[in-house]
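Before any comments, here is the structure.
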Ligand SMILES: [Ca+2]
Ligand SMILES: [Ca+2]
Ligand SMILES: [Mg+2]
Ligand SMILES: [Mg+2]
Ligand code: NI
């Protein structure tokens with residue numbers, strides 16, 4: 001099938017093709033104080049507030065005047081709360097509006113005034129956190145990562161904990177520390193055991209020496225549940241998904257190692273988690289469904305899915321750019337490397353009655369493959385900090401250096417109809433002096 | 001010193017004496033749709049929206065018109081964000097307004113119309129969650145509890161983990177599951193190892209059989225920090241505290257036991273956490289400062305306090321009421337049984353740069369004493385589920401039964417000038433069928 005064409009110039013390699021139409025929050029040079037919803041297309045964004053005020057949605061009868069209010073908000077929460085049928089009809093309508101053979105040329109194609117008002121060059125805009133995040137939960141569904149890291153600390157036979165194949169292991173994260181791509185990440189200081197073998201164990205307070213990344217996929221919730229009323233697997237769980245973002249769950253391995261017994265990661269994680277700015281809808285990814293990693297355990301009914309292709313074949317990559325400007329792609333891996341799907345994570349998270357809310361964010365857990373060039377963390381690439389990772393320009397790393405920039409990308413599909421996420425990028429700033 | 005007297009009848013045993021003046025959110029029979037700020041005094045509440053609109057704050061020049069807007073909000077966040085000097089001047093002003101010898105009798109004492117409008121009998125009002133909670137973190141600072149539970153699973157010598165005396169151990173909780181006193185708590189279902197000794201370990205999906213309580217003190221943040229800028233111990237950390245509430249961190253021990261390795265408690269905790277409705281300001285508790293449990297470890301400078309009396313001698317009690325209506329006080333303990341103070345928890349939480357925000361909630365961790373009748377969880381009272389807890393009316397428990405109501409109370413001071421929190425209460429509802 002030839003990719004759909006637009007009257008707008010869309011480079012063949014654009015990850016924001018007509019097949020994508022992801023949602024985000026922008027401001028612009030022209031209206032710097034006004035954060036508002038937009039979609040990304042080619043090297044432009046369509047300002048949905050201006051589009052809506054300029055009667056751009058006149059051809060979408062199902063969107064009431066009240067609905068249009070969601071495009072005047074500074075986050076996507078109100079839009080997300082309208083539910084998948086509305087998200088999909090808005091996306092399809094915008095696809096039609098931009099199509100070469102649009103049924104409504106008067107809306108935008110032939111409407112110079114509205115194009116000028118609402119269709120902005122991306123470089124004149126800035127993206128912001130797309131949602132107000134109520135709660136953020138980070139799962140651990142990347143089985144290869146769980147195995148690789150478990151094997152670093154235990155024998156391979158016991159690399160996975162006994163619960164791992166029975167439930168999507170996860171922990172509550174820190175919503176306040178989620179930031180949008182481009183936000184600098186300050187190297188955290190904290191308690192660290194400089195000599196983990198010493199007895200007694202006496203921590204020092206120091207800047208983290210083992211600053212790491214975690215390559216993850218994030219998932220935003222559009223429809224939640226009342227406390228005490230679990231979300232069921234399959235249809236209900238799938239309908240509670242708004243869309244997906246790329247995520248870098250920056251991790252301070254030395255802080256984490258000392259603090260995490262017995263209640264889990266805390267300051268080793270809560271100093272910053274970066275997400276990409278554009279929320280890609282499930283409907284945009286539907287052609288890229290893939291099967292999860294097979295689970296040999298007999299899973300309980302509340303986690304049983306009616307289909308197995310509930311993850312996505314998104315080509316993820318991680319670039320590390322040194323402060324000198326040398327860039328190395330340190331990983332390429334498919335986002336399908338998960339033992340548990342987001343619907344399973346949602347069903348599990350709410351199984352005891354925990355309320356999910358619009359804007360909640362779930363992280364997949366670190367996504368690694370089974371090879372050497374498809375790993376989602378430096379901890380794995382450096383074999384627990386024992387091996388140099390070779391970079392372009394004669395640089396080596398075991399963990400991140402100040403000034404390093406890590407950029408995650410993710411894209412599906414083929415030339416002319418790529419569905420991508422934009423960058424999830426952050427630069428490490430030096431620790432604050434104490 | 002004789003307790004201050006009010007022109008309003010305040011029973012000697014009221015925990016809402018003139019010395020208290022805690023803040024909450026109410027609605028009323030008269031205005032059921034309008035959630036608004038109030039203070040509790042005796043068996044009345046002062047509706048701060050009505051009081052403000054009726055020029056009640058005319059005598060408090062430091063409160064600008066803009067400031068008064070905070071009393072038209074449906075949460076206390078905007079009021080909290082104004083900072084401690086404003087909280088204290090509002091509290092002191094209200095104390096003066098209610099004083100027998102008030103300097104401003106025209107404001108309320110002699111103002112029949114405003115009294116009728118703003119001073120409502122408590123039984124005609126309902127309390128709500130006082131704050132919009134951005135993030136909720138639960139600490140583990142109750143050293144006796146940590147020791148008691150550690151000793152159940154390990155030998156007493158190793159009851160405390162090596163990090164315990166060096167840092168306030170904590171984990172991120174689930175903000176969406178925090179509810180106000182009176183909200184029913186549905187017994188969670190989840191994955192449980194019916195036979196923890198079996199090999200291989202195979203979980204069942206079942207209603208929790210080991211439903212427990214955790215007696216805690218909660219702390220709301222009024223002033224946060226930017227990401228990357230830690231809050232320093234002492235003055236800065238103390239000034240970031242808005243006030244305190246009682247907390248019951250309901251816990252499903254069987255769900256928790258199976259899920260918590262290696263990332264900490266999750267569904268064993270996130271089905272509900274109850275807080276008392278009235279936020280007691282630090283200034284109301286200042287006379288009840290007490291010393292923390294001494295820490296034998298040499299703690300790092302970022303946690304060193306300039307004074308040791310940074311916890312409070314609040315008399316906490318826990319009542320268990322069966323569905324038949326029999327009530328037993330199962331614990332009495334002082335809230336001073338903490339190894340770490342809230343300022344220390346705040347300094348630690350933000351040490352790596354994690355941003356705190358207005359409305360964030362911190363839990364102290366379970367508060368237990370060193371005896372048999374001062375324990376903060378049924379897990380400890382029943383010695384890990386091995387011993388019956390004897391209740392009034394020939395009932396016994398090891399963990400909670402459906403229909404049980406748990407009520408936490410906390411009070412400081414003396415007859416006539418008690419400073420109390422109101423009830424933190426919840427009733428266990430049966431699990432939902434799966
Ligand atoms: Ca992670
Ligand atoms: Ca707790
Ligand atoms: Mg993180
Ligand atoms: Mg809880
Ligand atoms: Ni009265």
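Even glycines carry a Cβ here, placed using N, Cα and C.
In TrEMBL, annotation is done automatically, which means it is predicted and not curated.
Computed from a predicted structure; not experimentally measured.
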Quick one: which of A:249, A:254, A:309 does TrEMBL put in the Mg(2+) site with A:269, A:273?
A:249
Residue in A:138, A:319, A:326 which TrEMBL records at the Ca(2+) site where A:214, A:216, A:249 also bind:
A:138
How many helix, strand and coil residues does the domain 'Fumarylacetoacetase N-terminal' (A:20-130) contain under DSSP?
48 helix, 24 strand, 39 coil
Just to verify a number: CA distance, residue A:273 (Mg(2+) binding site) to residue A:216 (Ca(2+) binding site), in angstrom, no decimals.
10
Taking ligand 3 as the reference, state which of the binding-site residues A:138, A:140, A:214, A:216, A:260 have a Cβ closer than 6 Å to one of its atoms.
none
Provide the list of recorded positions among A:140, A:145, A:154, A:214, A:249 whose C-beta sits under 8 Å from chain B at the C-beta level, in sequence order; use 'none' for an empty result.
A:140
For residue A:256 (substrate binding site) and residue A:269 (Mg(2+) binding site), determine the Cα separation and express it in whole Å.
7
To the nearest whole angstrom, state the Cα distance for the pair residue A:216 (Ca(2+) binding site) and residue A:140 (substrate binding site).
10
Out of A:145, A:154, A:269, which of the recorded positions has the smallest number of neighbouring Cβ atoms within 10 Å?
A:154
A:249, A:269, A:273 excluded, remaining Cβ within 8 Å of their centroid (Mg(2+)):
A:138, A:173, A:174, A:177, A:214, A:247, A:248, A:250, A:251, A:270, A:272, A:363
Which of the recorded positions A:140, A:145, A:260 has its Cα closest in space to the Cα of residue A:249 (Ca(2+) binding site)?
A:140
